[in-house]
Structure formats: C-alpha cells, structure tokens
Amino acid sequence: MECPHLSSSVCIAPDSAKFPNGSPSSWCCSVCRSNKSPWVCLTCSSVHCGRYVNGHAKKHYEDAQIPLLNHKRSEKQEKAQHTVCMDCSSYSTYCYRCDDFVVNDTKLGLVQKVREHLQNLENSAFTADRHRKRKLLENSSLNSKLLKVNGSTTAICATGLRNLGNTCFMNAILQSLSNIEQFCCYFKELPAVELRNGKTAGRRTYHTRSQGDSNVSLVEEFRKTLCALWQGSQTAFSPESLFYVVWKIMPNFRGYQQQDAHEFMRYLLDHLHLELQGGFNGVSRSAILQENSTLSASNKCCINGASTVVTAIFGGILQNEVNCLICGTESRKFDPFLDLSLDIPSQFRSKRSKNQENGPVCSLRDCLRSFTDLEELDETELYMCHKCKKKQKSTKKFWIQKLPKALCLHLKRFHWTAYLRNKVDTYVQFPLRGLDMKCYLLEPENSGPDSCLYDLAAVVVHHGSGVGSGHYTAYAVHEGRWFHFNDSTVTVTDEETVGKAKAYILFYVERQARAGAEKL
C-alpha cells in the first residue's frame, strides 16, 4: 500500500554509522539479543525482533508514541515517530501506523537506498566469511568440504534458508524436498522463465506480503530455490520471491504466524501439480508432458487429471475396503494419495514415569499397522449399505494398491482435545534404511524384490509444544552424508543423531528408484 508516513519516519542516512556490525540478517535485537527476524527502525536505526519472536520492534514503536500523546507535538517530535521499519533479511518495509507493508518510497528514494546499503553489508559480510573459511581450509588437513567452527561441523556445500519471520515450517519442507533426488532434478532441469517486464528488468524486485501481481509462477520460483540450495555459492539463500508467490496463491500462509509444516507441504505439492498440469510457468503443456515421459508410465498416479512429476514421484493408491457386519456386503474404493497420515497408537501416547522408561518403544511399524489393521467403525461413522438400504455397523481396512517412488509418512502429533490442539511428544523409532512395505500391499506377490524397500531421505522435526508455536528443522541425506537444516544454519550430522529425532514427517525413497537415479 501507499504509506503516508514515510516522510516523517524515514530519517536515518542510508549509510548510517549507527548500524550494527556484521551481516544484517544476523543482527541481534537490542533488547532480548535474539537474531531471529531482526527489523531495523528507519527513524533511529535501532534493531529489534519481529512480533512473532518477542515483539520488541512493535514495542519500540508503541513506546515512541507515549511522549506524543502526553505532550503537545513539536516539529521535532513529528519527525521522530519510529513508525517504519525494515526486515533485515528480506528488506521488506512495514509501517506500524498503517499496519501493513509499504511499497512506495520517499521523494529522495531513502527506503531503496537503505535497502541497497543493507544488501551491500550482507554481501560484504558473506564475502569476508567465505574468504576466511577458504583460508582456514587451505591450512587444514580436514575434508575439503567441511570446516570445524565452534565445535560443530558446518557444511560448506549445503545452503541454508533464511527465516523471513516464522517461516521455518516452509524452510524445513523445502530442504526435505530438495533432497528427493528425482523430484528435485526434474525442476532443476526445467527451462528458466523470466517473468519481469521491461520496467523491472535487471533490477531486483522486493515483494511484500500485501502486493498484488497476477504474473507469478510457483513452479518457476520453486525451481530457482532448488537450484540455489546445492550450488554451493552461498551459505544461506533468502527465498522471499518464492514466499511472495506462496503468500499470494495460498492466503492461509500469509503473515508471521507459525504454521503446520505438513499442511504447507500438502498445499505446495497440490499447487505445483495444478500449475504443471496447465503449463502456467511458461513451459508449454507438451513440453511438460515430454519431461514426464521420462518417468515410467506404470508408476504414474493421476490426481485431478493428468499426471505430473508430483504424482509420478509421490503418488500412490489406497484401497479402502468396507464390510457390512449385517449382510456381509463388501464395498471397495480406490483413493490416490501423496502422503499417508499415521496415528501414534494410544497405548504409546501417555507420558511415562521413570519406572516405565524401559517399556516398549513405539515404532513406525506400530503406526503403519494401526493404519492398515481391520477396525470396526464407531456409531458416528455408520456405513450406508446399499443392500440393506440403511446405515449399518461395518468394518474398514486399508490396503496399499500401489506404492509411490517417494513415500511420505506424516505422524499425527497434533490432536484436538476439547478446545485445545495438543502435541503427542512420543518418540517413534524409524528405520534409516530397508523399510519393507510389502506386508501392507494388496498384491505383494506382484512386486519385485526391491520395489517395496525404502531408504530414508529426509525427516522434518517439530520442536516445542504446540502447532502454532515452536520451531521446525529438517534432517536430510545428500550424497551419503546427513545434514541438519536449521533455517540458515546447516551442519553435518550422523545417523545416530537422526535416528533419535522425534519425527513429524518422514520422506522415504524407493530403493529401486534411487538406484535408477544414480545410473542416470
């Protein structure tokens, strides 16, 4: 929106010496010292955290209004309202009086000058950091891809994703998907599409969460992000262009609230699928179909029309079998799926006392068994029997008719109890390799020896107590090495650490598919 408060609030010099040292994206809040979601005041250059960290940037604005309310405003006070601030990671500008993002500038273009100065500071800090690391590596006998920093192993080749304000749920999913090899390779090999018009060509576009633009492509921005994550040219990538498109086409995820990573993943895959079906990213429908032809036709699972890489990789088919307990009539229904949501069995959900610590541990097999076991539907789910002509008691059982190349398993850790959505914090043991899905197949005799074996590719973990709070990180394996992705920080880790994680979403890749990808 056009903000009328810029002239009275943007008072700092673009190259102000008052700015802190170091890269702007890692600046700390002057109150709580948090480096998450830093915002710089464009009146006094002080740095505070965003409203969904500890809210000190907003409090800074509110505190500045008290003298103006208690005293007659002087000309000097009119100019010092501390109303406008800038995100130190995405460089978007926000006005607290308008309570919205700002798209205009002052007559002298001060906002853009501050933005460019912050970008230069970020680039300088990054260049200095790379030079320092390169020098250390030259003098080190360690692996050329690794560098020991403060006792942890930092990955040089992997790229983190900057947190743009409680966007860790998006970052964890993006990092996980970038390590599903066949899926990632497909997007990286798509031709690039330039969406900017002549007025903005050659200039970086700074999107805000309230801007409107009909000419956007989720596929194109997703492709750019995947290309940036493993090119090794930077330690952290700022995905504001992708997030702008996400915020535009998926309004549920606008703002700075913490969101559910699984819900975001489903929305993302669904919208990628729909856009690829229509060829909206500038690639013709025939070109997309030609790309898809490289994937085995027998492994495609259509959801809402023609198959795409989304359904070819993640698509499976469930058989839902319902039996009437009165007349014995059997009803079968086939449902396509992109992921399976598994309950954690109730016997494992209660908190254990110290003397119960050595009791049985919940395993992924327990969750899969609970999902596929025969169950009697309760009174609220009576089945409409076409033979009996009325709702009857019945049993239900799921079979997997077709397994996907990438099996996504979502553990249902959040449950509604009364008016609260509580988290099930139970540890679930899961295999890092050799997950055998054969016993859950409808026709296991028709499957090949390795077609039912899956190896773990990525894990999304939720840290905290509630879906609307906490923090998301991801573990993923790349070229045989496990990495931990915590927003902009990427560290090398080991299998033991991964195995101890309290998984929320597990991504498994078919062993046959992985072997095929390695041959390409």
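Each residue, glycine too, has its Cβ placed from N, Cα and C.
Here Swiss-Prot flags Met1 as N-acetylmethionine, drawing on similarity to another entry.
Taken through DSSP, the zinc finger (1-121) splits into 38 helix, 17 strand, 66 coil. The zinc finger annotation in Swiss-Prot covers 1-121 and rests on sequence analysis.
Residues annotated as Zn(2+) 1 binding site in Swiss-Prot: Cys3, His5, Cys95, Cys98.
Taken from Swiss-Prot, the feature Zn(2+) 2 binding site covers Cys29, Cys32, Cys49, His56.
Annotated Zn(2+) 3 binding site per Swiss-Prot: Cys41, Cys44, His60, His82, in sequence order.
Per Swiss-Prot, the feature domain 'USP' maps to 159-511.
Residue density at Cys168 (active site, nucleophile): 25 other Cβ atoms are found within 10 A of its Cβ, drawing on all protein chains shown. Annotation source Swiss-Prot lists active site, nucleophile at Cys168, citing sequence analysis.
Sequence annotations record features per position, and here Swiss-Prot assigns active site, proton acceptor to His471 based on sequence analysis. His471 (active site, proton acceptor) carries a strand DSSP state (E or B).
In this structure, the binding-site residues under consideration are Cys3, Cys41, Cys44, Cys95, and the one with the smallest number of other Cβ atoms within 10 Å of its Cβ is Cys44. Sequence-distant neighbours of His5 (Zn(2+) 1 binding site) (same chain, six or more apart, CB under 8 Å from its CB) are Gln81, Thr83, Val84, Cys95, Arg97, Cys98, listed in sequence order.
Here the CA atom of Cys49 (Zn(2+) 2 binding site) lies 11 Å from the CA atom of Cys41 (Zn(2+) 3 binding site). Sequence-distant neighbours of His471 (active site, proton acceptor) (same chain, 6+ apart, CB under 8 A from its CB) are Cys168, His462, His463, Gly464. Neighbour density around each Cβ, counted as other Cβ atoms within 10 Å, peaks among the binding-site residues Cys29, Cys32, Cys98 at Cys29. Cβ contacts within 10 Å of Cys49 (Zn(2+) 2 binding site), excluding its own Cβ and spanning all protein chains shown: 27.
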